[in-house]
Every structure is written in C-alpha cells, then in structure tokens.
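Colleague: Once you've had a glance at the structure underneath, I'll fire off some questions.
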C-alpha cells in the first residue's frame, strides 16, 4: 500500500478540501495548519523484496503492444477543458536484445556475466541499481554544471545560465541519466509511433530523422520526414528560428546543434511537425529533426522536453493547455503504469498546492519552496536559507524527473541523515552502497518500523513520504539504504524516487505545483 500524507495549501482556484489517500486521513483547520503526524510507519520488507523477484523486464515489442492498448485515448473533461493522457514506462522495465540498451561493450559483457550467473537469465536488481546510480551521478553533474556556468547571451546583456540550443541541455539516457521514463507518441502525418524520453529539465522536442548520416540504434524505425505530409522545414528568417540562442543556417533552413562534454550530440534541422498523443493531434510543433546523433538513449527515438521554457513541449502548447500537466511516476515493483497528462483537465481537485519559484536565469527548471525537513514528526534544525533561491540565481530546490536520488547540501543532508540514524538504532546496519552511506541489513525481516520523513513546503503544507520512497532495496538479499545523498553545491534536487507513486501537477499559468491527491 502506498501511503502519502499531505497537509493542504489552497490556491485561489481550489476549494479547501481534506485529502484522504487510501486509508490515511488527516485533518486541517481553515486558517492555521494544525496536524497530528504519525511519528513512525512500517516498511513491508518481505513484500518489497518479493516484488523485486517478480519484477520481470519486458521487451520493447511487448511494451509497445501494452502501450497501444492503454495510452491511445484522448480524454475530455465535462467542463470543456481537455486532457491528453499517456502511459509512462520506466527504462528498467524495458530490455533490448541489442547493444542499444547498453552504454558500451564493457556493460554488455557485464550483463553476459550476470546472465551466466543467474538462472533467471535477466539482470539482477543489484545490477540495475548500480547502473541507475551511475546514470544519476552523471545527471546531477550535468545539472550542476548548467547552473554554475554563466555566460552573456548575444540576445541581451543580462547574465544567464549557460544552456545549449533551444535553451536546453539534451542529455544522453545512458551517459547523463535523463532517460529514466519513456512515453510513446506519434510523429508526422500519418503518425509514426516513437518512444521518446521525457525530461522536466529540457526545453526541446527532437527525434532522429532520415536521411541519417549518423544515428544510434533505436527501437522503432527512424522517422523519415519525406513520408510525412505535415513536415515543414523552418527558414532561417522565421521567428521560431530566432528563438534559438545559437541557431545556424544552411541552404536557407534553420539548423540546431546540441553537444556535450562526453561526446554526445544531436545535429539537424528545425522543423514544424504534427505530434499525436492518443487521439489528440497537435499541429505546428517545433521539433529538432536530428540527422547526426551520437549517444545512447536506450532505444528511444529522441526526447520530449517538458521544462519551463518557451521551446519545450509544454511551452509550445501555450494556450491549448494553459501550461498545465500532471504526472505520476510508477512505483518500483508494481505492474501498474505511470501516467503523463497535459491540459487543464489534468489538474486534480484536492491536491496540496504550493507556489512555483521562478528563476529567470534558469527557466527550464521547476523550483519549489522547501523550508525544512522532518524525521519522526520532528523538524530538523536546518536554516530555511539552506533551501532558498538567491537573488543571483544560486541555491533553491528543483524537481527533476531525470534525477533518481534527492540531493541536499552537505550540511543539511548530514543533519537529516543523523536524525534518521538516531531513530533507527534498533535496526542492524550494513556497509554503504554506491552513493548511499546509510544502509541496513534487513534480511529475514517481514516488516520494520521506521520514522516518517517529511518535507516542509513553503506556505505551510507538509509532504510525508511513503516508507518505500526513502528506504529502498539495493540488492536482492535484504540490503536497504536511506535514499538521499549530499551535494557540495547549494542546489537541492528532489529526485524521482521520492516522487514515485505521488501525483504531481504543474499549473504554469497560475504558478503552482500540486501534490496528490491520487497515487499510482
């Protein structure tokens, strides 16, 4: 059972309501937030480990069949506000029979070793975990690099954080960790189905295109614009091309190029194309049509950026959705799908809403106001300034779908971790694993009692996480770790492990982010 406890903050467009998630109900007063919080909850160790053993990987073809049955449906609210719903699949649910799944030959050989040593013939949870943490470390390094390097742009004298073309940083699913969750969309007319990575920290939509001078392997056939009746190249003089920070021009056509320090890149032509989400057909979307691409995207055809910038998918939809979208990242070990929905109709009644924090120097990112951390119902003595976005654009707290593990500045993390250790002294400790320094040997336990973990949000709401979102298995033999990590930077990042199973909604037009009331 997923348990999420929320207090309420009511934006102007939401009627005060009490949230009940499954069997958990907490009350509030109309004015001040007065709550009774449970100090402890139980983690079902046996069930969590059994889910790992039954968490079978699926092939891309099987996933495609499953997706087509579920996702190609456009829903419309009775009020007239539409919503488009897509199925989210975590990358660890997909397995390819080709080397496209792997970062390099060493990883292929590593998996061959695992297959030889495991009767089940598939990668163990420990192997998947270590690969995920490797991607995660590289993802965080990329985000920190973006937010610590500044440059003066050619389109104004204001200092802005350095971003690549489209005001975004496309990151390789294997090398940079952006490729954690996938959706399936249609590209062109007639629509060609393609897997794309979703990334809340990117402001670009792109796919590999024919003629492909250099392309990595992907699950689906590479999109060929010659067979699309809706494909239109963008001229160098167009307003859309002018929105690129470093647009190029070749034979009168607008060119884009995004490159990275690790050698990954995508280069090609900016185009206007039609995208299909279920039965919803969205015309005139600016996409990058990549003719030269290098990097490992786990078989995905490209990337769907849902960041806060004008060139992201959300930004381009503009008035069609009011900047509104909602997602629910599926919890580990469950067969139920996650979801990604666009449109005003996707915003739930009964969510706990807090204001988004705008960073004009990094518009791609979704910042939230975090003011404190709690363990066992007790707020840890950490200064609110630790999490504050400064006037110069440093610090703050970003929500990111591509980062797995939540990071806090070192001093805050250590106080947070020490409070958790103090309240789990009855549990047998284990050595640290990967980026985690606080682990426990829970082999043989059916369930354990652990202190609650809470995020104190700006304007009053408190988000109390399910136990499975902060004490996670790192192998198949009962080793569980406290799923947070320190960072020497001022930036904090709320990762997807802590977001799992919780409906998270963004109302860009009104500047709010909502938590709950639904789970997945």
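The backbone N, Cα and C atoms fix where each Cβ goes, glycine too.
Computed from a predicted structure; not experimentally measured.
Residues or ranges marked as active site in TrEMBL: 199, 400. Annotation comment: TrEMBL describes 181-516 as domain 'Peptidase A1'.
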Colleague: So what's the average pLDDT for the domain 'Peptidase A1' (181-516)?
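Modeller: PLDDT averaged over the stretch: 90.
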Colleague: Whole-number Å distance between the CA of residue 199 (active site) and the CA of residue 400 (active site)?
Modeller: 8
Colleague: Report the member of 199, 400 (the active-site residues) whose C-beta atom has the most other C-beta atoms within 10 angstroms.
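Modeller: Sorting the candidates by Cβ neighbours within 10 Å, the top entry is 199.
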